[in-house]
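Participant: Reproduced below are the annotations present in TrEMBL:
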- B:HIS53, B:HIS101, B:ASP190, B:HIS194: Mn(2+) binding site (BINDING)
- B:28-108: domain 'Manganese/iron superoxide dismutase N-terminal' (DOMAIN)
- B:120-220: domain 'Manganese/iron superoxide dismutase C-terminal' (DOMAIN)
Amino acid sequence: MECCSCNPFSARRHLLLTESKSSKLPHSRRRFQGSQRASKVVAYYGLKTPPYKLDALEPYMSRRTLEMHWGEHHRGYVEGLNKHLEKSDVLYGYTMDELVKATYNNGNPLPEFNNVAQVWNHDFFWESMQPGGGDMPELGVLKQIEKDFGSFTNFREKFIEAALTLFGSGWIWLVLKREERRLEVIKTSNAINPLVWDDIPIVSLDMWEHAYYLDYKNDKAKYVNVFMNHLVSWNVAMSRMARAEAFVNLGEPNIPVA
Amino acid sequence: MALRSLITTRTLTRGAKSVGFGLRGLQTFTLPDLEYDYGALEPAISGEIMQLHHQKHHQTYITNYNKALEQLDQAITKGDASTTVKLQGAIKFNGGGHVNHSIFWKNLTPANEGGGDPPHGSLGWAIDTHFGSFEALIQKMNAEGAAVQGSGWVWLGLEKEFKKLVVETTANQDPLVTKGASLVPLLGIDVWEHAYYLQYKNVRPDYLKNIWKVVNWKYAGEVYAKECP
């Protein structure tokens, strides 16, 4: 790994070595090129704050949980990721989504994957909830759920069952499968998320014990039901579905007859 | 407080055998007692954690294991191969949970009953031989335990065939044998978050540092001596 140096010759060497590294990776763009200034390029991620105050999800998810889960766990993953990035610039130039896929390395995850994926997963999870959430989706999302699950009740049952039968740590997702062009409920272990299979997640639920232990101890069923009834943000689901439909053709549009 | 927990442990079904018998002779399992009170491992592990861990988590594994065994029994009797295979995941997870936790309770003992006292005899000598020193073993197990991603266990095991001591980790509730058919668990440390979260929050390394104060090396030594007379 090249370090910052004032020697113009070593800056050039840095450039050459960078280019030979980039030839190994198909995605490398936006490389540090051209400038002969001896400056060090580093990529750092910041901890994204949830779109609500830490006590906004009370009494369903306590402020204490948010402070621990976001402030310690999520922050820890971000710092771990930055430490990895400090050591190697091979992973520079990616967006978060691309980084997840790149570090997953087609099923043989690189050591950075755990931190990258967990940062992404938690960003997604905070945004999957809102104060005053729960209830039912409307319009397009509801229609698609009814199409793919039969009814919202059936979807809800499937989601809860998946959460309660997951072995160990992991996540539950409502995901839009790209190939099959339908919504499904899937479980993933540890840090894995649907991006690695090129699918589009709509909402997620963290089933790692740290997500619910302070509030619900071992009562997983209560936690999952509370999430469905009071926390899940169908508003966010709708905007994610709208975006997903730009990539997945879910059927003929209703063209009004003039 | 001690009196209350004393009553709690005594009202649980006592017995050396933690098994029951179903209708068709299918052996089911019951929650084994602890040899000590829930609060006896403080301050290393809080009484609240011990009670939840034993009465809720371990009990749930046993309940679900029994359920899976019944379903398996039916599937085998009916000759339903696909159900038989489908149930293997639940058996490994819940059965593993029961096996692992049963060992775990025996791996712990209050500090005033020998908890934390380093191993003597053949196990102590074997540890020095294989790891250099007792402290080196502790360091290795702490490092590997902290590095487990998600849920799992860190083990000190005996490789029966070559009489070698090893440190291994397993994911979720996989028993040690899943890492090697001739591995015998001597000491297992639960690094699932439920084992420490209420007390240590996300600082797993602190939990690992402190649990050594209540580790029952006498039991580990007995298991070792039985395999390596």
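Numbering starts at 1 and runs along the chain as it is shown here.
Glycine is treated like the rest: Cβ placed from N, Cα and C.
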Participant: With DSSP, how much of the domain 'Manganese/iron superoxide dismutase N-terminal' (B:28-108) is helix, how much strand and how much coil, in residues?
Facilitator: 61 helix, 3 strand, 17 coil
Participant: Return the residues near B:HIS101 (Mn(2+) binding site) by Cβ distance under 8 Å, restricted to its own chain and a separation of at least 6 in sequence.
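Facilitator: For B:HIS101 (Mn(2+) binding site), the qualifying residues are B:HIS53, B:HIS54, B:HIS57, B:HIS58, B:TYR61, B:ASP190.
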Participant: If you count other C-beta atoms within 10 angstroms, which of the binding-site residues B:HIS53, B:HIS194 is the most crowded?
Facilitator: B:HIS53
Participant: For the domain 'Manganese/iron superoxide dismutase N-terminal' (B:28-108), what's the model's average pLDDT?
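Facilitator: 96, rounded to a whole number.
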Participant: Setting B:HIS53, B:HIS101, B:ASP190, B:HIS194 aside, what same-chain residues sit with their Cβ within 8 Å of the center of the Cβ atoms that define the Mn(2+) site, listed in sequence order?
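Facilitator: Other same-chain residues near the Mn(2+) site: B:HIS54, B:HIS57, B:HIS58, B:PHE104, B:TRP192, B:ALA195.
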Participant: What is the number of residues in the domain 'Manganese/iron superoxide dismutase C-terminal' (B:120-220) that are helix, strand and coil, as DSSP sees it?
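Facilitator: Tallied per class, the domain 'Manganese/iron superoxide dismutase C-terminal' (B:120-220) gives 51 helix, 25 strand, 25 coil.
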Participant: Going through the binding-site residues B:HIS53, B:HIS101, B:ASP190, B:HIS194 in order, which have a C-beta under 8 angstroms from some C-beta of chain A?
Facilitator: B:HIS194
